[in-house]
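Down below is the structure, laid out as structure tokens.
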Amino acid sequence: MSFCNFERKHFLIYEKMSSKNSFRLGVNCVMAKMAASMVESGEDVFRKMFKFYKRRDPPPDLRGVIDFSGELPKDKVTPAHLDAAAVSDEEAARVGLQPVREWRAFSLQGFPGFIFISNPFLRGSQPFWVRQCLKIYPQKPNVCNLDLHMSPCDTQDLWAKSAPVLRSPSSGKNQPKTLLEKLHWVTLGYHYNWDSKTYSADNHTPFPADLHSLSVQVASACGFPGFRSEAAILNYYRPDSSLGIHVDESELDHTRPLLSFSFGQSAIFLLGGTRRQDPPTAMLVHSGDVMVMSGQSRLLYHAVPRILPTPRGHAALLEDLCPASPQEVGGMLEPVSEEDWMACSAYIQKSRVNMTVRQVLGAGQSFPEAPPPSVTRTEISGYHDGESGKRKRSGSDSTNET
């Protein structure tokens with residue numbers, strides 16, 4: 001039985017459920033039955049679910065999706081234990097984080113090692129990280145997707161070429177896209193080779209100290225002291241973007257966690273199993289949310305099929321992201337100027353930015369000999385831009401869902 005036929009067959013079940021809790025239970029039950037039927041037939045369950053949540057006409061019902069900022073299903077979500085003593089309040093505040101004891105952290109049943117932290121950032125600190133993602137991290141010598149078809153001088157300072165347009169009141173649908181709006185990914189530290197799906201010692205630039213410090217505090221609180229931020233992939237999503245089904249396995253040390261930081265618009269995140277036949281769990285990721293994939297969850301399939309407007313609206317998002325005053329900013333967070341925030345807020349009202357930070361090498365590890373150079377491709381699998389339909393970029397070791 002096809003996914004769509006099964007869905008239509010059980011739609012009346014949804015209609016008969018009155019309360020919110022019973023509706024959610026019914027949705028989860030039906031989705032589980034759908035997944036089970038596909039597992040029995042050997043179908044690619046993850047791909048079916050990806051297409052279900054990506055579709056726009058009709059849009060999918062999201063009431064079966066876990067929202068960590070709201071009411072949580074007790075049969076699936078439990079509180080996660082954090083090591084509050086590993087990070088002092090001063091160390092946390094230095095990178096814009098609340099004291100660890102105040103974090104709302106959760107685990108998922110069936111996904112040992114996965115931790116979801118619901119926006120642990122101090123009010124007013126997210127704008128600093130948004131600005132870093134848009135103004136600082138895309139600068140050379142870091143690498144971005146625009147380098148594939150533009151000269152180095154054209155991609156030298158994307159911010160300087162884009163910010164004045166973003167700040168302009170006339171910026172709208174008829175305005176040509178800025179370079180920042182054409183940005184799909186940036187790599188930091190050890191730069192990921194999209195062709196060979198590897199890292200190498202000779203393709204490396206210094207990793208940003210501020211992002212390393214943020215990552216160290218989160219990793220320490222989650223039970224991973226001594227974490228080394230050695231590589232990061234920054235993904236930039238427009239409203240019609242998606243990230244294909246993939247496993248991040250190119251790092252040589254899988255005992256260290258993968259850290260994910262999200263800012264801006266919300267997204268549906270799918271977390272599956274070690275096989276594509278394993279049914280994924282859908283969850284909402286909002287601005288400021290942090291995810292940690294470690295242990296048995298480090299090498300699970302995952303994807304982002306859909307970007308969603310923040311549930312409380314653009315005005316509420318901008319209010320939440322209002323930069324802190326210079327007197328409130330401390331540690332290594334520099335104040336965000338009003339001029340910079342005008343450009344950042346115009347961008348973030350329509351976009352999502354995600355940073356995934358990883359440790360590539362374990363203690364005593366080194367890179368193997370470099371493989372023969374491969375031909376540079378003009379397309380990269382995994383990322384889908386809804387406007388062009390072309391594949392643009394992905395997380396490491398992604399696999400196409402289409």
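Each residue's number is its place along the chain shown, starting with 1.
Positions of Cβ are set from backbone N, Cα and C atoms, glycine also.
Where the annotation comes from TrEMBL, it is an automatic prediction and has not been curated.
Lifted from TrEMBL, the feature list:
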- 228-361: domain 'Fe2OG dioxygenase' (DOMAIN)
- H246, D248, H302: Fe cation binding site (BINDING)
- 363-402: region 'Disordered' (REGION)
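Within the model, the domain 'Fe2OG dioxygenase' (228-361) carries an average pLDDT of 91.
Broken down by DSSP into helix, strand and coil, the domain 'Fe2OG dioxygenase' (228-361) contains 21 helix, 49 strand, 64 coil. Most Cβ neighbours within 10 Å, among the binding-site residues H246, H302: H302 holds that distinction in the structure as shown. D248 (Fe cation binding site): 22 other CB atoms within 10 A of its CB, across all protein chains.
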